[in-house]
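Notes follow once the structure below has been shown.
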Amino acid sequence: MHNLTLFESGGDNVSCGGSSLGCPNGSSLAPLPLPQPLAVAVPVVYGVICAVGLAGNSAVLYVLLRTPRMKTVTNVFILNLAIADELFTLVLPINIADFLLRRWPFGEVMCKLIVAVDQYNTFSSLYFLAVMSADRYLVVLATAESRRVSGRTYGAARAVSLAVWALVTLVVLPFAVFARLDEEQGRRQCVLVFPQPEAFWWRASRLYTLVLGFAIPVTTICALYTTLLCRLRAIQLDSHAKALDRAKKRVTLLVAAILAVCLLCWTPYHLSTIVALTTDLPQTPLVIGISYFITSLSYANSCLNPFLYAFLDDSFRRSLRQLVSCRSA
């Protein structure tokens with residue numbers, strides 16, 4: 001079950017090349033012949049992402065949950081990002097099995113669950129990054145003005161995180177509703193079965209993901225940082241504010257790095273949605289290969305964040321070393 005949006009279409013007799021997520025009902029489910037290098041590379045790449053993601057995000061969860069001094073507002077949001085990434089990497093082996101078997105052997109309940117988790121992966125990262133950007137906006141602006149942010153507490157951050165999960169659940173619910181098993185030419189697949197006219201519903205689902213999963217959160221993030229830069233230019237920092245600004249600069253850098261990596265991984269995926277909606281690309285080996293590359297890039301976001309924490313967060317590195325040394329002792 002792979003989001004290969006470059007050659008998805010809302011019309012009939014459109015194969016998804018082993019990718020069932022997003023295929024409309026009535027589409028041809030016959031497996032496309034994949035080039036041998038691609039047939040080998042895709043499960044290997046997915047397997048590496050799964051292994052690295054599970055190890056890295058497990059380490060992040062372990063450090064953030066076991067170290068009292070790591071219980072900060074920013075780390076609450078980082079913890080939830082790690083939970084979302086860990087959840088996705090836990091089910092990635094099912095995607096690998098689906099790719100290798102070229103059919104869905106896991107039943108309809110699992111089909112709906114995996115589709116939902118896949119969509120959680122699509123929406124949750126940018127939603128939490130939008131919240132983290134809003135938090136950075138408030139903190140940096142308050143620091144520049146030598147004041148505190150009222151109500152910015154660990155408990156409030158947890159409440160906001162729960163609200164984000166609730167919102168993402170509502171957003172991904174339609175995908176779980178439409179997901180079901182469909183069989184054609186002897187192949188059972190987990191697909192999104194849209195009502196008639198299926199072309200309309202398919203396009204609506206792609207626009208839904210593009211707008212709610214990318215355009216709105218990215219626009220919000222850009223607006224926050226643009227407004228922040230404009231306001232900072234108009235403020236003269238006193239010595240106390242400059243000291244606080246230096247102390248918080250590393251956290252802001254970490255959030256900006258996480259955001260940059262997320263956009264790098266997810267922008268091609270959402271741009272490919274625009275291509276799929278506006279063009280009718282032939283299903284050539286090159287197009288299929290590009291589609292799998294874009295999908296793999298979006299999946300890779302789930303395993304990259306722990307490396308950012310390790311390189312950019314001194315507290316995380318120290319806490320991880322201490323916990324590892326304690327367990328060794």
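Even glycines carry a Cβ here, placed using N, Cα and C.
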**Study point:** Membrane-side pairing of Pro35 with Leu286, Swiss-Prot annotation
**Key:** yes
Review point. Which cysteine out of Cys111, Cys265, Cys303 is the one Swiss-Prot pairs with Cys190 in a disulfide?
Key: Cys111
Exercise for review: Could you give me the DSSP helix, strand and coil counts for the topological domain 'Extracellular' (180-209)?
Suggested key: 12 helix, 11 strand, 7 coil
Study note, to complete from the structure: The number of other Cβ atoms within 10 Å of the Cβ of Cys111 (disulfide bond), counted over all protein chains shown, is 25
Review point. How many neighbouring Cβ atoms, not counting its own, are there within 10 Å of the Cβ of Cys190 (disulfide bond)?
Key: 26
Exercise for review: For the topological domain 'Cytoplasmic' (134-158), give the DSSP counts of helix residues, strand residues and coil residues.
Suggested key: 16 helix, 0 strand, 9 coil
**Study point:** Highest-contact recorded stretch vs the transmembrane segment (210-230), from 44-64, 113-133, 251-271, CB pairs under 8 Å
**Key:** 113-133
